[in-house]
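Peer 1: My structure is below; once you've seen it, I'll send some questions.
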Amino acid sequence: MTIIFDRHSDQNDGRDETVEKNQGIVKEEETELVLDASFEAPHTNSFGHTFRDYDAESERRRGVEEFYRVNHIGQTVDFVRKRREEYGRLNRTEMSIWECCELLNEFIDESDPDMDEPQIEHLLQTAEAIRKDYPDEDWLHLTGLIHDLGKVLLHPSFGELPQWAVVGDTYPVGCAFDESIVHHKYFKENQDYDNPSYNTKYGIYTEGCGLDNVFMSWGHDDYMYLVAKENQTTLPSASLFIIRYHSFYALHKSEAYKHLMNKEDRENMKWLKVFNKYDLYSKSKVRVNVEEVKPYYLSLINKYFPAKLKW
């Protein structure tokens, strides 16, 4: 696979003039962890629209909305419990982190209104953007690389789950679906919507119970979290938090469900807010030279993971 990217090419794209402006934006979003602004967030995604605009007229809009209609109907407490039990056994295969990265080459995320590139490009774009701004936080570089690896659930050897059960924004089940969740209207067809045990603010949870005790809609986030945790990664808790909740936009964009968070969640949330900038705004046409950066990421994989993981 040949992908070309000059890690120092930003001097040619006229972005220097916007450093001060963008730096102000970042400081407004991140009140406790401030970026050095060397990564400049583009104004538009790879389709030329603003990011996460689910109403923008594009060739993907109708498909994305249909994706969320099916997703919101199917993600029930019963469905999530069964998938966690099934995939939590980690008895599908054994492979390395990099082998998993290569499996993602053939998949495109149908829920994403911002890009239609193979997944490995997004992983490397995210990781390299973080690496530029946080050269000493190697755990965060690796988190950028692996955060979407759970999308291997789309692969035939993993049961070839439908996209609505793998990708897209995530949210708690077992309590009321917050109105900030994209295409919220389709939850009315979810069997849990009118269930009095599940449709209140707290549902089956208690205030401050901690997000680790909350059932999240099933998908690649929760699966990769289970894989990393059960394979005894030495990545810090902030990394596992990012992996499990990076698609939880109702929380980190709209601040919904904060009543379920505990102290550790609030501490880790600082890093998730940092990560989110790179996860979202690196979805561009910038290309990465895989062979050039591969040795570095292999060294990080060896540092934080066993050679082979159970999946």
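Quick reminder: no glycine exception, Cβ is built from N, Cα and C everywhere.
TrEMBL feature annotations, pasted as is:
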- R52, D109, E110, S111, K151, G168, D169, H246, S247: substrate binding site (BINDING)
- H122, H147, D148, H246, D279: Fe cation 1 binding site (BINDING)
- H220: Fe cation 2 binding site (BINDING)
Peer 1: Have a look around H246 (Fe cation 1 binding site) and count the other CB atoms within 10 A of its CB, chains all included.
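Peer 2: The answer is 24 other Cβ atoms.
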Peer 1: If one measures from the C-alpha of H246 (Fe cation 1 binding site) to the C-alpha of D169 (substrate binding site), what distance in angstrom results, rounded to a whole number?
Peer 2: 9
Peer 1: Show, in sequence order, which residues other than H122, H147, D148, H246, D279 on the same chain lie with their Cβ within 8 Å of the centre of the Cβ atoms of the Fe cation 1 site.
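Peer 2: Going along the sequence, the neighbours come out as L123, T126, G144, S247.
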Peer 1: Once the chains shown are all counted, how many other Cβ atoms turn up within 10 Å of the Cβ of S247 (substrate binding site)?
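Peer 2: Result for S247 (substrate binding site): 25 other Cβ atoms within 10 Å.
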Peer 1: Which of the binding-site residues D169, H220, S247 has its Cα closest in space to the Cα of D148 (Fe cation 1 binding site)?
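Peer 2: Going through D169, H220, S247 one by one, the Cα closest to that of D148 (Fe cation 1 binding site) is H220.
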Peer 1: When you tally the Cβ atoms that lie within 10 Å of each candidate's Cβ, which of the binding-site residues (D148, D169, D279) has the highest tally?
Peer 2: D148
Peer 1: What Cα-Cα separation, expressed in whole Å, is found between the residue listed as 'Fe cation 2 binding site' and H147 (Fe cation 1 binding site)?
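Peer 2: For the residue listed as 'Fe cation 2 binding site' versus H147 (Fe cation 1 binding site), the Cα atoms are 9 Å apart.
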Peer 1: Where S247 (substrate binding site) and D279 (Fe cation 1 binding site) are concerned, what is their Cα separation in Å, rounded?
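Peer 2: Counting only the Cα atoms, the answer is 10 Å.
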Peer 1: Same chain only, sequence gap of 6 or more: which residues have a CB within under 8 Å of the CB of H147 (Fe cation 1 binding site)?
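Peer 2: For H147 (Fe cation 1 binding site), the qualifying residues are L123, T126, M224, I242, I243, H246, F275, D279.
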Peer 1: Return only the integer: C-alpha distance in Å from H122 (Fe cation 1 binding site) to K151 (substrate binding site).
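Peer 2: That separation, Cα to Cα, works out to 12 Å.
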